[in-house]
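Presented below is the structure to which this report refers.
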Amino acid sequence: MQPIRYRTDLTPYNTFGLRAQARAFIALEHADELRDIVRLLEFDRDTVLWLGGGSNILLMQDYAGLVVHMENKGIREIARSDGMVLIEAQAGEIWHDFVLHTVALGLSGLENLSLIPGTVGASPVQNIGAYGVEAKDVIHSVRCFDLDTETFVELANADCRFAYRESLFKQEGKGRYVIVSVVFALKTHFVPTLGYGDLAAAVAELSAGRVPTAKDVSDAVCAIRNSKLPNPNVLGNVGSFFKNPVVSAEKAATLLQRHPDMPRYPQPDGSVKLAAGWLIDQCRLKGFQIGGAAVHDRQALVLVNKNNASANDVRQLAQHIKFTVFARFQVELHAEPNWLPASFSL
């Protein structure tokens with residue numbers, strides 16, 4: 001087990017690049033080390049931060065508790081039958097690298113989720129999704145360390161209570177389960193999901209008349225994301241800052257009367273998902289800046305660290321966007337990233 005480090009700079013460990021320090025910090029390289037970590041004097045179950053890629057957090061101040069950085073790596077095939085492959089990835093694996101690995105193996109299911117920042121361990125927590133695919137569609141099970149019993153358990157997909165950007169791990173399981181690995185059920189036969197027009201067009205261009213492959217879809221997704229989204233290594237950000245709001249069919253119909261070109265996505269339960277980026281863009285907020293935090297000038301759904309933004313800059317900007325969108329559309333936006341501490345959340 002790695003030694004504990006004190007007063008550790010967390011700026012490199014959060015993709016928005018907010019300045020903060022951890023009172024205590026330790027890197028976890030193997031899942032079995034959890035049994036020792038929970039016995040450290042610095043460990044407090046109520047305050048410990050289990051940190052992956054730092055692409056879904058906003059550090060609003062120095063972190064007073066222990067930060068455990070999940071660095072456990074490894075990918076292995078578990079089973080293969082009837083055109084399906086179960087493949088396990090450790091929580092510390094970089095998500096995009098894992099996606100590319102599965103595509104290179106000739107497996108299908110994750111290609112639409114290419115270039116999403118973060119680690120494998122975070123994928124079930126947020127139920128990450130893009131271009132018509134969510135993590136829940138391909139997750140078979142999640143292996144966790146149960147802090148209640150201090151044992152390893154495996155939760156089936158149904159046990160994880162997945163919903164749009166939600167899961168057991170954000171609700172009643174938060175603070176109990178530490179995700180150590182995820183098992184994915186992937187196909188050996190490629191079945192494309194091309195419900196988004198821009199993706200379908202990009203794949204058609206790449207495949208140039210031949211039957212498209214999972215790699216074509218992955219390459220197209222990467223090209224689209226690179227054209228729209230800033231690289232967090234160059235311009236700090238946490239990807240999509242707001243969830244796409246879901247409203248009733250009646251509310252959507254009312255909005256359509258005033259905004260007939262409004263993008264909308266009917267859901268199986270009769271509700272309608274709206275495009276948060278479009279709502280923000282209609283409020284002419286692209287490029288709007290408070291202190292060092294700004295709305296990206298090409299993608300309204302992304303807030304960026306333009307000039308050494310403070311935590312307060314980010315909070316004020318997010319609050320301004322929420323208020324402005326609500327004033328115009330009477331639709332409430334909710335932030336995707338976790339505010340730390342949670343008392344700062346809007």
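Placement of Cβ uses the backbone N, Cα and C atoms for every residue, glycine included.
Feature annotations, courtesy of Swiss-Prot:
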DOMAIN    18-189  domain 'FAD-binding PCMH-type'
ACT_SITE  ARG165  active site
ACT_SITE  SER240  active site, proton donor
ACT_SITE  GLU336  active site
Cβ distance under 8 Å to ARG165 (active site), same chain, sequence separation 6 or more: which residues?
-> GLN126, ASN127, GLY129, LYS243, GLU336
One finds that other Cβ atoms within 10 Å of the Cβ of GLU336 (active site) number exactly 18
What same-chain residues, at least 6 away in sequence, bring their CB to under 8 Å of the CB of SER240 (active site, proton donor)?
-> ALA276, GLY277, LEU301, VAL302, GLU336
